[in-house]
Amino acid sequence: MKILKNYIYNVGYNLLTIILPIFTMPYVTGILSPKSIGINTATNATITYFLLAGSLGINIYGSREIAANRDDQKKNSQIFWEIEFLQFITITISVGCFIVFLSFQKQYQNYLLIQSVALIAGLFDISWFFMGLEDFKKTVLRNFMVKIGSAILIFTLIKDKNDLGLYIAILSFSQLVGNVTMWPYLRKLVDFPEIKNLRIFRHLRPAISLFIPQVAIMIYLTVNKTMIWKIDSVTASGFYDYTDKIIKITLAVVTSLGVVLLPRMTNLFSKNEHEEIERYLKYSATAMLCISIAITMGIAAVGQTFVNCFFKPAYHEIGILMIIEAPVVVLIAMSNLIGRQFLIPTRRNKKFTLSVTYGAISNIILNVPAIMLWGVRGAMAATVVAEFVITYYQIMVYRKTMSVRKLFEGSWKYLVAAVIMFIPTFYLSNQLESGYRNYRNLLIEIMVGMVIYITANIILRTPAVKIFREFVQNNLKNKIRGK
């Protein structure tokens, strides 16, 4: 039940991060000039690099270590302070590097300075601690309040085209305030440290090992856009970027489960409860496959209608690219399942890093001939192949310890249900009139697809339906006993 609640918290927050910009961005773009929006994007990206470098892999590593030792408050307290002091040192070094960079970077210096508040906010980020304790409620509610508060400030204070600095300040200081407000919760959870007993730098190497995959992913996504720009065109690069962002938004519903289960799996591994690990992985695979296969086929069915609704005719290509990239949803769901919920919790960092590295290398190698032959569509196909390489390698590692057959048992039924859903939904998409901001028909197509998919799952008696039925029955029994 706790996992379900944490999953709902995470999905709810991810949906908020998707929905809020729908309201704030039209308002902001209506006041600030396109150049101002570009300045914010460019300066924010610069700060993100420094923050990423300073944070290392501490978010994932920290939550894993806290989860492994959460039953021992004294040991957990020591680990918390060691990791927090390490984070303080690495981000302080990053701030120093940023100051040096700023002395050479004269363009947009004032805006970069305001953006740097996000770096200071990183010093106080302890969300990883609460994730390790599986207390997602505090972090999600904090983030929720910060997002809502910053949105209110944007609507209240941003009134003039010269308010770019104020806009950046609202976003940056909201992060700082959000991170600082988490510290009072530590009073009952963490003891004060004995400085002489702290071994701060023992955490550096394992944190870096989890940082490398993040860098590899960032590099290969950046290289993709650059190669498309150089070999094809800058317009094609923009199409790729927009398509990838849309696909990654849909993934938030699936990958939230990986964030929630990482600390639970780590704790079970520390207790050598391998049967429980396999049971949770089976439940997770059931949920993730059921959702991700539906999303993949749904994108293929209504992708063009979606593009017609949200983009003008000049962006028609994005609809085709969405169909090509759609399989990535299933592949990333599976690599999230095995990578985040098995390899990282069981301390197979090297295998996790290798999987991402192989994917990045294969993507870059395939890009040149693919882009030369098929342009941006070829690049998108290369991305799908790269994600397949990552997932395939991780499955090969998984099968040495656990049963792959048990993990994916009954998964073919989701594919059958998705195909049954796809055919009438795709037909409906071609029959209904679609156009710019014609949301009604898109909503009809999505609702029809959902009803057909759920009905097909019930008829086929998929593992997801069986687990849901058991969950409802157990809850009813518990309520009856409680009475």
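The backbone N, Cα and C atoms fix where each Cβ goes, and this holds for glycine too.
Over in TrEMBL, the protein carries these features:
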- 7-29: transmembrane segment (TRANSMEM)
- 41-62: transmembrane segment (TRANSMEM)
- 110-133: transmembrane segment (TRANSMEM)
- 140-158: transmembrane segment (TRANSMEM)
- 207-223: transmembrane segment (TRANSMEM)
- 246-262: transmembrane segment (TRANSMEM)
- 283-306: transmembrane segment (TRANSMEM)
- 318-339: transmembrane segment (TRANSMEM)
- 351-374: transmembrane segment (TRANSMEM)
- 380-399: transmembrane segment (TRANSMEM)
- 411-430: transmembrane segment (TRANSMEM)
- 442-460: transmembrane segment (TRANSMEM)
Completion exercise
Under 8 Å Cβ-Cβ from the transmembrane segment (207-223), and at least six residues away from its ends along the same chain, one finds 52, 56-58, 60-62, 83, 86, 244, 344, 349-350, 352-353, 356-357, 359-360, 363-364, 367, 386
Completion exercise
For the transmembrane segment (318-339), out of 110-133, 140-158, 283-306, 411-430, most C-beta pairs under 8 A are with 283-306
Handout entry: Non-local residues, at least 6 beyond the ends, that sit with Cβ under 8 Å of the transmembrane segment (140-158)
Key = 9-10, 12-13, 16-17, 20, 23-24, 27-28, 31-32, 166-167, 170-171, 174-175, 177-178, 181-182
Handout entry: Contact set, same chain, for the transmembrane segment (246-262): CB under 8 Å, 6 or more residues outside the stretch
Key = 3, 6-7, 10-11, 14-15, 17-18, 60, 63-64, 67, 131, 134, 136, 280, 284, 287-288, 291-292, 295, 299, 306, 318, 322, 325-326, 328-329, 332-333, 336-337, 340-341, 344-345
Handout entry: Beyond the flanks of the transmembrane segment (110-133) by at least 6 residues, Cβ under 8 Å
Key = 39-40, 43-44, 46-47, 50-51, 54-55, 58-67, 70, 80, 83-84, 87-88, 91-92, 94-95, 98, 102, 139, 164-165, 168-169, 172-173, 175-176, 178-180, 182-183, 185-186, 189-190, 259, 262-263, 266
